Amino acid sequence: MIPTAKCLAQRPGFVKRSAEELARFTKMAWNLETLSVPYKPYYLLDFTDQNTVAACKTMADRAVGGYSTANLDYVPADPATNTPAHARFHGTISTKLPQNWKIQRSGYAAFRNQDRGFWLFGRLYWDVDPYTYLALRVKSDGRRYKVNIQTDSIVESDIHQHRLFTHHHRTPRLSSASSSSPEDITSYSSEQGEVVPAALADLPAENPSYPSNAYSHTTDPTTNPDSTGWETVLIRWNDFVRTNLGFAVEPQTSLLRQRIKSIGIGLTDRVEGPFDLRIHRMWATNGLSEEEMEEERRVCGLNALQMTGKEWAAAGIERPSLAEQEGEALSRLKGLKKRKDEGDAGGEKDSF
């Protein structure tokens, strides 16, 4: 696809975008980065740049007559408190229905980047195929946010989603592999009894088969006075769930990592009241580099991640996907059902 002169005139910055992409590809080829696992960060949305914040759009049910609000503001760095420059996503959720009788549900707010426009070889997408994780450095109020990713898919309204699990959602739970109590699988069921994908559950799946200190934090910012409240959340690209209009759909397809159009965060928990989420950066990674670890410790304090990406690889650490964890939980469900059926059958025999 070759953009026309009219299209280029409507999209300022075409030359700049083309130059930046060509420079990035040239650097990758010169350094032979495609021959090894990349450990340098690939920044997608860097909110330390005020222009990145200005280039995002907010959405709320107010657009259809509702009463929820959404704002995305740039907050400059504060050296006195060691706070980095970041974006503040805030507003109010209201479930009050608008006057339009066709609207039966309300109470949502979200933001995402604007379409990235065109460059020399057509529409501009993010290609994160060489990377395993999406990293987000955030400071959360504990509400149930979701990370939303839109790709150049066949169904344009499809969105791949994953819950933004922070320290607020990591509660102490029994992690014994032999445990099969119903409490262990509540995060996989909705209020209506249907199975909910682990990536969209209210609590993160618990799995003791990988060292948690590599991926989570050593302290709880709500109780640790030395904590900054900032934390880095890692989400595997393969863990995102395909949804449409807010519901998981079948068949599930992998996220098209070579053609990502937009990334954003939404709040659809329909809990009335204010919300406040701070976002420092979003980037693709295979684990933090040595340089990133210095910033990680400076910004997140005692809640910093404990290992670099190369240390993960050297230790042979491979975090199981949520699909694998979900499969284990469903296996436990089947085991419980089988034992229940056997117990019912035994009771019937005793009655005779």
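Every residue gets a Cβ built from N, Cα and C, even glycine.
Here is what TrEMBL records for this protein:
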{"type": "DOMAIN", "residues": "46-170", "note": "domain 'NADH:ubiquinone oxidoreductase intermediate-associated protein 30'"}
{"type": "REGION", "residues": "169-188", "note": "region 'Disordered'"}
{"type": "DOMAIN", "residues": "214-279", "note": "domain 'NADH:ubiquinone oxidoreductase intermediate-associated protein 30'"}
{"type": "REGION", "residues": "333-352", "note": "region 'Disordered'"}
{"type": "COMPBIAS", "residues": "339-352", "note": "compositional bias 'Basic and acidic residues'"}
- Message: As a quick check of your reading of DSSP, tell me how many residues in the domain 'NADH:ubiquinone oxidoreductase intermediate-associated protein 30' (46-170) are helical, how many are strand and how many are coil.
- Response: 15 helix, 53 strand, 57 coil
- Mind looking up the mean pLDDT for the domain 'NADH:ubiquinone oxidoreductase intermediate-associated protein 30' (46-170) in the predicted model? 89
